[in-house]
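The structure appears below as structure tokens.
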């Protein structure tokens, strides 16, 4: 019996060791941080009350008017988003992503708590400020995975993270629709439930492993990579140790054989050694970012796609932010607001399906893409005009679904075209610059059109301006697309028949 007992203890000990080794291997694998980030992304985006935020704020819980919400509270989000976007972008890379991810979840918890327990207009404006911090910190969520995953896993990890976020938004919309339709929870109880989900996301964010490098401030460099696109750097940029060794090697006279051997050893070590660029090289990093920025936008094709990205994203954000106010205006009674969650869920799912279908279409987007941007933007403008002037809630719902699907379709094409020839670092830079441009345009429109200190227009004039805005985008890019196609066909004909345009080179012609 003792012998059997010893064997059982030995077997259990070996089993525990195997489990520990398996756990350690899993933690070192790319699936571990990806899984944690997906869990965080899901629980942080499940927001059952978001489709019903206007009925909640204007209802008996907060007793705010539609004008206060539309012209005084919502504009604060745009201003705060613009104010903190650049500092958060730089801090995200400098702090290596994880602290900003945790800070984003803390800000989301504060936003939900303020929405639950505070009531006045200044309190709701402060809540919008923290929500602006949440949206600005989203860059950390999408950048974190690139610092802990190999390059060959980028596409798969990105698809997982983006898909799980969309799933979270969809689940939140459907859950909110069910809770409100069947009177299972009041608005306040839904917010308490959201706080629990946010707490789970916060706990998950604390478990994320800390990255050892980042894209700009803590980028890894090898000894061979001492030049970046024609601009050579001294070896002291990577660190001070190599510079001191090279200085000693140049000042001390040695025999030729020993000197060559020493230099060979140092170069070999420099090739294997990777050193982190720290905060003391902040000015150099910012200079390199500026150089990359200029080189990226030197491409006209990328510039045109980026201009559409910024302009369309600006109009899309304004539409999504204020569409519930339009729905409140179009519906004959408060009972129709219970369908907002279902509409958001349907628009998210159809938008995802539309974006997913782009991957299976064989179209030369470099030739036909700009015409597609103009044509589909025109359809989006038409749907906005219908939503504005028909005045029927079902038309508003259908127009919103169509508009959102068209935007998801086009932004997917734009992202693909821009990212096709860019490295991951430059794609992150262009992504941030385009969103900053969109936010700057959005701030101008908000301050002039929406804010009570500006024109303070009602919801119908607002959406008339948004629809006209997309009409201008449609006209500009349709004309640009027609010109691109004409130029491509012309160059194709010239390459097919070059002899008609080139003078003959024979002696008879000279005679």
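Quick reminder: no glycine exception, Cβ is built from N, Cα and C everywhere.
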Segment assigned the feature transmembrane segment in TrEMBL (from 462-483, 484-505): 462-483
Range among 73-92, 213-232, 233-252, 253-272 that TrEMBL annotates as transmembrane segment: 73-92
Candidate ranges 190-210, 274-294, 295-315 [criterion: TrEMBL lists as transmembrane segment]: 190-210
Per TrEMBL record, range annotated transmembrane segment [choices 99-117, 327-345, 346-364]: 99-117
Same-chain residue ranges lying at least 6 outside the transmembrane segment (462-483) that approach it to Cβ under 8 Å: 304, 308, 311-312, 315, 318-319, 322, 326, 368-375, 377-378, 380-381, 384-385, 387-388, 445, 449-450
